[in-house]
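Q: Before anything else, here's the structure in question.
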Amino acid sequence: MTVVVKLGGSVVTEKDQPETVAADRLADLAGALGDANLDDLVVVHGGGSFGHPHAAEHGISSSEGKRDAAAVRDVAGAMAELNTAVVGALADAGVPAVPVHPFSVGYRTADGDLRFPTDQLAAMLDEGFVPVLHGDVLTQVGAGATIVSGDELVTHVASELNADRVGLCSTVPGVLDESGDVVREITDYEDVAAALGGSNATDVTGGMAAKVRALLALGAPAFVFGPDALSAFLAGEDAGTRIEG
Ligand code: IP8
């Protein structure tokens, strides 16, 4: 059973305090991952108050690039620092976690397509390691460097490794309907199009729309849930919103 879990940046950092790890929350999540009994686990984490402020300061986004080595060092450096904290918390909880820094692994084509090999991740899993990736800067042909989000890496890695289950641990307890209630199951984007701002909504604000569409296309069940539900997800239960196309 291969499981890919994303720990949202707002979950593992204090979003309003620059470069501050949410140490207690991270330790709880790491504990849940340490207690889980999984053959193959890949962890991806977001940027929170580490990567995002630097990316904004340098005017870099997933579509806007900069040919600026200092900017790359800033963003990649902040994300490496957060990754060290996440890997450390997982190690403290007994997880055989190892760091994987996406800037050094992949790139984007001039069209923005992600080229990110995963053979090395499969080899790490075979050797009993738990790779821990993160949203990062990525070289883009003709554009310098752009941002790759943790979500984009989750869907890419899950699909390349034929993951059996995917979990997105976020600050919200699931995908919410117009009344603010958790939608238990999504099998078609139209189920939630109205609540998520219409089927043509883009993800410029990091919203749920593109996330749901990408997860529907995955071919494995994906779950969006809050930190309290991580243990249930890892135990194989349905947690938060189940998304499967
Ligand atoms: O928090 C973005 O990853 P996300 C990471 O998953 C950076 O969107 C470097 C801003």
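Yeah, the Cβs are placed from backbone N, Cα and C, and that goes for glycine too.
Just so you know, TrEMBL annotations never went through curation; they're auto-generated.
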Q: Let me know which member of GLY150, GLY167, GLY174 TrEMBL also records as binding substrate at the site of GLY47, HIS52.
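A: For substrate, TrEMBL names GLY47, HIS52; of GLY150, GLY167, GLY174, the listed one is GLY150.
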Q: Need one residue: from GLY48, GLY51, GLY59, the one TrEMBL lists with LYS6, LEU7, GLY8, GLY9, SER10, GLY207, LYS211 for ATP.
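A: For ATP, TrEMBL names LYS6, LEU7, GLY8, GLY9, SER10, GLY207, LYS211; of GLY48, GLY51, GLY59, the listed one is GLY48.
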Q: Quick check: of the binding-site residues listed here (GLY47, HIS52, GLY150), which one has the Cα closest to that of SER10 (ATP binding site)?
A: GLY47
Q: When you look at GLY47, HIS52, GLY150, which the record names as binding substrate, what is the longest CA to CA distance in angstrom?
A: 12
Q: Across the domain 'Aspartate/glutamate/uridylate kinase' (1-217), what does the pLDDT come to on average, as a whole number?
A: 93
Q: Return the single residue from the binding-site residues list (LYS6, HIS52) that has the minimum number of other CB atoms within 10 Å.
A: HIS52
Q: Taking Cα atoms as reference points, rank the recorded positions GLY8, LYS15, GLY48, GLY207, LYS211 by distance from GLY150 (substrate binding site) and give the first.
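A: Going through GLY8, LYS15, GLY48, GLY207, LYS211 one by one, the closest to GLY150 (substrate binding site) is GLY8.
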Q: ATP site residues LYS6, LEU7, GLY8, GLY9, SER10, GLY48, GLY207, LYS211: biggest Cα-Cα distance, Å?
A: 17
